[in-house]
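Feature list (source: TrEMBL):
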type	residues	note
TRANSMEM	34-51	transmembrane segment
TRANSMEM	63-83	transmembrane segment
TRANSMEM	95-116	transmembrane segment
TRANSMEM	122-141	transmembrane segment
TRANSMEM	153-175	transmembrane segment
TRANSMEM	218-237	transmembrane segment
TRANSMEM	263-282	transmembrane segment
DOMAIN	272-417	domain 'O-antigen ligase-related'
TRANSMEM	288-305	transmembrane segment
TRANSMEM	312-330	transmembrane segment
TRANSMEM	400-425	transmembrane segment
TRANSMEM	437-457	transmembrane segment
Amino acid sequence: MRVAIIALERTVVVIRSGMNQMGSFLIEDRWMRAAWYVFLILLPFTTRVLLGHVTRGFHEYEALFLYGTDVLLLLLLLFAFGLHRHHKEEWHGRSLHQLVVPIFLFVIAAGVSVAVAPSFALSLYAFARLFLLTLLAWWAIPIFLTKHRVLQMTVAVLAVVAVIQAFIGIAQFSLQGSLGLELFGESYLDPVLPGAGSKIPFGAGLLRAYGTFPHPNILGAFLLIGLFALIYFYVYLDWKLYRYDSNKTVKENWQLFIHNHAFYSRLIIAVGFFVVLLGLAVTFSRGAWISALAGLSVITVIMLLRHRVRSLLRLLFTLFFTALAVYWLLSPVLNERAQLSSTEPAVSYRLVYNQIGTELVDQYPLGVGVGSQVLHSVRGGVYQAHGLSQVWEWEPIHNLYLLIGSEVGIVGLLSFLFFLAILLWQLIRRQLPLVKLFTLGALVSLLVFGLFDHFLWTIQPGRLMLWVV
């Protein structure tokens, strides 16, 4: 008996020691930062494992997956839990209290919608993902990014990863095929294969750039984030540039100007602009182009209100001539793609999908179940009633807001919109650090993109982009 008691006491000591070591690991800043940066680097990679599906055969929006980024997401939430417990009072004061009510109502509405979903398993899976992402955005990320240096490094990582993705996309377009990056989630690309979204009707058809994303539009959205990250650093370095001194000769001023480190940093950023804009061009995503202009317009207004006219003019000058160079390289194809007609499939299908969304919001005020719009529409004959009889036509509603309203109901949609309104008001109204200029531009561009597509709600990289920004 005594031996058993001694063994039990030693076991308890070992367990306590292990828990203390785990606790120390979770509150260690360097491990937290490393996990966060790795998460951002891996965000574009869509490596995944199929866990199962709720219908016979395979359909993308009726299946359950485990992504590589899911593991890092759970690890980040563990870090946030450890940091929150260790700095409870400190973190509590930094919480975004104004967002509690809309986030709470949004999550509750999504949870209630699970009960009315056609597949409990599929809807519960989608709800779990949504719940973890809201925790990441509202609770965990504000804990990680309390230090300005970490926030700035976050923007830098996104900029570098976007440039890499742009290079991948440019190479895919140049070679008109995939690069053998299937391990990282690259789609198999072949211009001979059918697919309305994969090619543009120019000549025999040109393959669009994908990067490691499942669709060119998603690459376009990520490049938007990278573009606004580069814009932040361009504006940030503006005040460090050498200013002309009238007491010195022109030659002396020129020598001082070109030897200023900010001059070379901005040259590198200008090259980054060219690469990202070229990558954005070869996605041929008109939604991304429109969204880029929307985000840039908001940044222009904010910089004018902050009386940074000279910085703004230098930025617009650089962007304009960089975009002009991209246009010069691809003008015949871009001109063809810029033409828009209500009869082309990209437009006509969206009109039908949005009509379906309007009808579902009107008929189901509680929603049809989070993650369940496609399954409900298939089983209920909604697609067939609108002339969509082919399996490949059964896609989600191509409007983020109608899709949310159809799945989680009117209360869920209003809560989401209220959440966005508060967030945008805080970013615009308050005199926040310059780095928030990146957040505002990227967020506005993604929200505008949401008017034309569904991936911010339905596809893993898109979901991560929305909630991280």
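Cβ atoms here come from the backbone N, Cα and C positions, even for glycine.
In this chain, the transmembrane segment (288-305) lies in contact with the transmembrane segment (437-457); the count of Cβ pairs under 8 Å, excluding pairs fewer than 6 apart in sequence, is at least 3. Across the candidate stretches 122-141, 288-305, 312-330, the maximum count of CB pairs under 8 A to the transmembrane segment (263-282) is reached by 312-330. Sequence-distant contacts of the transmembrane segment (95-116), counting only residues of its own chain at least 6 positions beyond either end whose CB sits under 8 Å from a CB of the stretch, comprise 123-124, 127, 130-131, 134, 138-139, 142, 364, 366-370, 372, 407-409, 411-412, 415-416, 418-419, 422-423, 426. Put simply, of 63-83, 122-141, 153-175, 218-237, 312-330, the stretch with the most CB pairs closer than 8 A to the transmembrane segment (288-305) is 218-237. Counting only same-chain residues 6+ beyond the ends of the transmembrane segment (312-330), those with a CB under 8 A from a CB of the stretch are 231, 234-235, 238, 270, 273-274, 277-278, 281-282, 296, 300, 303-304. Across the domain 'O-antigen ligase-related' (272-417), the model assigns an average pLDDT of 90.
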